[in-house]
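The block underneath contains the structure these notes are about, expressed in structure tokens.
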């Protein structure tokens, strides 16, 4: 195995949960809602995904459970902020704290249970009767391509979903009517409402999508990244995802770049340490964050461009007919 | 927003103080953990110690614990809350609780405090630690015997003396078998982040190590080692479940005996501040069964363990050179405890620059 191949694989694994959680939050924020509960939804996805997989033995059911947990948890947020119009910042924060606590409680039974790992896409397909084997064979053959083969064709299904979601969200937001409506709700909910758009309904859908993505990201942590359950296993990744959305100035393709940049810097600093280059490890550890700050500064230099991408109604509660 | 978050954390902390219902006249022994009591590693080991207190002194003592207490200012709130709630003795189990425990001890002179792995004492504040480096020396010897590449990977947490001492002891153990053995160190700068520890393990394997040892608390590195078909050592608790065919042995912290002894001293009124630094001989740490290795390696490990217990072998005995090649210990000279407790340099053979 080439070391470069292996590094690429490690980076993709590190970037995938960040990308998933962030792409969901991007859609939520584009609809004008700020959900700071990403970390909480993520950790709930992780514990429910792990639990369901451990009980049924099927990582696929685990993934479904992770998504469902994220959606249910986001509905709680939706009900509070959209239906009864509570403060989004405070509600999001308490969602995170609730998620961390609740997941520890649910997860207590699963601590130390053997993990179930989601198979790679190729191995998953191989189990499908008739067509499975040849398709898997093709994947395995393609994985033999030097350097990029393994990172493109020997991955878990969640990796492909994350990439598909980025492309899908880009098309949806900027090339469909529904996407235009969603952005209009985020930019000016009063006007959208006056035009007859169901602001609350659209925001509910966006929030649920965000929950599903965060749940999936959590499932990736507990079923792919480190197939085990430990308390607080999201370890702040939900917050990084939130930062990535701002970093990407609410644009999906920049988000993709941002998540992989962040993944690359975090893995790169570990490699630099293991090579014994003699650079202080504290400095190396802070590199991913320094890189984020640097890019943020560069991006926000052009005020007009930033304003153009920022959803104007972000974080403001909407109460119809007030 | 940060204030709000802190307020919530404080509320969550307060809520997580678990108090088993029982009669009020029992003496209260309290424990503060940095992680969760089921983390499979460091905090779990302390909790097993607490359970031993429950088992042996349960009729006179009730135990209380607070888990997931972050190091820093939050710890002070948790410790003082316990002190106010009537704890007779409080065990603060993580190095990073040091200054907070010192402050709390000054504020509550009638409460006895014990700080794990620290070095600051007071009239009502004792410190206790285990000579983990004894176990790490044995691990180093096993690593040197088992490794084909001649390089072991070490996932470290923070550059405090405790961790540096472990790296050095591991290196010296390995060199006693193979003088050219190399150690690659990666600092995760965290005690507990499963994904990051897994990343560190993957990176080390990619760079050619075939033995992994860790001074962080999750079982993720063990899992990565199992996936990549190499061997690893468990940390703080027996991690054999995470790698049945991977774990060579583990350093298991067995704090129970010490906890029982100290709580008893409170009951008898004989508690005095102390500076305990026990080793394998006193039973404050044990080696998990030696598994997944040939018999000759196992025999060597058991032999070394017996010698350390009897005091015949002290891991930090000269001749030992520092990383820069200067002499540290002369032939036959043994490092004193004060030097060990403040260790801030590497011995020769560590392939890393110590973060200062």
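Just so you know, glycine gets a Cβ as well, placed from its N, Cα and C.
Copied from TrEMBL, the annotated features are:
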{"type": "TRANSMEM", "residues": "A:6-28", "note": "transmembrane segment"}
{"type": "TRANSMEM", "residues": "A:33-54", "note": "transmembrane segment"}
{"type": "TRANSMEM", "residues": "A:60-82", "note": "transmembrane segment"}
{"type": "TRANSMEM", "residues": "A:89-111", "note": "transmembrane segment"}
{"type": "TRANSMEM", "residues": "A:131-153", "note": "transmembrane segment"}
{"type": "TRANSMEM", "residues": "A:160-182", "note": "transmembrane segment"}
{"type": "TRANSMEM", "residues": "A:202-226", "note": "transmembrane segment"}
{"type": "TRANSMEM", "residues": "A:238-262", "note": "transmembrane segment"}
{"type": "TRANSMEM", "residues": "A:282-299", "note": "transmembrane segment"}
Chain residues in Cβ proximity to the transmembrane segment (A:160-182) (below 8 Å; excluding those fewer than six residues from its ends, i.e. six or more beyond): 16, 19-20, 23, 26-27, 30-31, 121, 192, 197, 202, 206, 213, 216, 252-253, 255-256
Proximity verdict for the transmembrane segment (A:89-111) and the transmembrane segment (A:202-226), three or more C-beta pairs under 8 Å: no
Beyond the flanks of the transmembrane segment (A:131-153) by at least 6 residues, Cβ under 8 Å: 1-2, 4-5, 8-9, 12, 121-123, 125
Same-chain residues near the transmembrane segment (A:6-28), Cβ under 8 Å, at least 6 residues beyond its ends: 34-35, 38, 42, 147-148, 150-151, 154-155, 158-159, 161-162, 165-166, 169, 173, 182, 206-207, 209-214, 216-218, 220-221, 224-225, 237-238, 240-242, 244-245, 248, 250, 252, 255-256, 258-260, 262-264, 266-267, 271
